[in-house]
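Q: Below is a structure I'd like to ask you about.
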Amino acid sequence: MSERKVLNKYYPPDFDPSKIPKLKLPKDRQYVVRLMAPFNMRCKTCGEYIYKGKKFNARKETVQNEAYLGLPIFRFYIKCTRCLAEITFKTDPENTDYTMEHGATRNFQAEKLLEEEEKRVQKEREDEELNNPMKVLENRTKDSKLEMEVLENLQELKDLNQRQAHVDFEAMLRQHRMSQEQWQQQQEEEDERETAALLEEARHRRLLEDSESEDEAPPSRPRAAARPNPTAILNEVPQTKRKAEALCSKAQLAGLVVPKKVKTEANGASEQVGVPTAAGAPKSRKADNPTPQTPGTSSLSQLGAYGDSEDSDS
């Protein structure tokens, strides 16, 4: 069996490497690569904006008869994402950038313009200093002044940082928090005072209105008679029961009273009972009664006799 991984290869005795034909490819052969847009651009066909960093499947080729210090220049072909129009741009090794060729316009980039301006100023300065020694001295003086200003600003920043380093931010926050709490407490006290003042004013106004209404009020009407309680009839004692109780009490009182025995006198004055009536006064039914009454009876006996007379009349 042969080996799974062949390490040695067989070369026949008549092997000649020069006889192996070489693959000849065109010099402008294109390769498909994956790249991102190197700058912001706008399509000339449809006006679609293509932002920097958008990915494309591009075709890459080498530009013929163009090079910078032996470095080849490459051209890329992409298609617009909206109208599929072809857009081409190529590398610029001299400025380490890309240049737009066809199909789109490059959008404004302030950073690139700033870099170009700095390069232009630097180049002009070098050209002036090349043949003018006084210009070199003047530029050095300006540079030294500028350096001194920068150092002074840097020292001020350092001093400021040192001053801020000794500041206790926690204490500042606590103080601010305390002041805020005091302000809130003061606001609450003011609200309470205003509320108390409003309540006092309302009470005073109500008292004034009550006094004025009492002065102008009409005389009070008599109160209506109280309505009887509907359940009071349940607690009433029947009239017959009240009469029976009254009779029992009268009989008991009559039994308790004992009339005093008085000797009968011969004259007719002893037969008169009661107090003589005034002249012209009507005689009562008791005066017509011929039954004699004992003059020595007590008030309880008279009360019992008065009750008996009422029962007889009824």
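Heads up, the Cβ atoms here are built off N, Cα and C, so glycines get one too.
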Q: Where does the phosphoserine label fall among SER18, SER284, SER301, SER309, going by Swiss-Prot?
A: SER309
Q: Which candidate in SER211, SER270, SER298 appears in Swiss-Prot with the annotation phosphoserine?
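A: So the answer, going by Swiss-Prot, is SER211.
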Q: Whole-number Å only: compute the distance from the Cα of CYS46 (Zn(2+) binding site) to the Cα of SER213 (phosphoserine).
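A: Here the two Cα atoms are 89 Å apart.
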Q: Neighbours of the Zn(2+) site CYS43, CYS46, CYS80, CYS83: Cβ within 8 Å of the Cβ centroid, same chain, sequence order.
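A: Other same-chain residues with Cβ inside the cutoff are LYS44, THR45, GLY47, GLU48, THR81, ARG82, LEU84, ALA85.
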Q: Same chain only, sequence gap of 6 or more: which residues have a CB within under 8 Å of the CB of CYS80 (Zn(2+) binding site)?
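A: Once residues fewer than 6 apart are set aside, CYS80 (Zn(2+) binding site) is near CYS43, THR45, CYS46, GLU48, ILE50, GLU86, ILE87, GLY103, ALA104.
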Q: Near the Cβ of CYS83 (Zn(2+) binding site), how many other Cβ atoms are there if near means within 10 Å?
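A: Excluding its own Cβ, the number within 10 Å is 12.
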Q: Go through CYS43, CYS46, our binding-site residues, and report the one whose Cβ sees the most other Cβ atoms within 10 Å.
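A: Most Cβ neighbours within 10 Å: CYS43.
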Q: Tell me the Cβ neighbour count for SER211 (phosphoserine), meaning other Cβ atoms within 10 Å of its Cβ, over all protein chains shown.
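A: Step by step: centre on the Cβ of SER211 (phosphoserine), count other Cβ atoms within 10 Å, giving 10.
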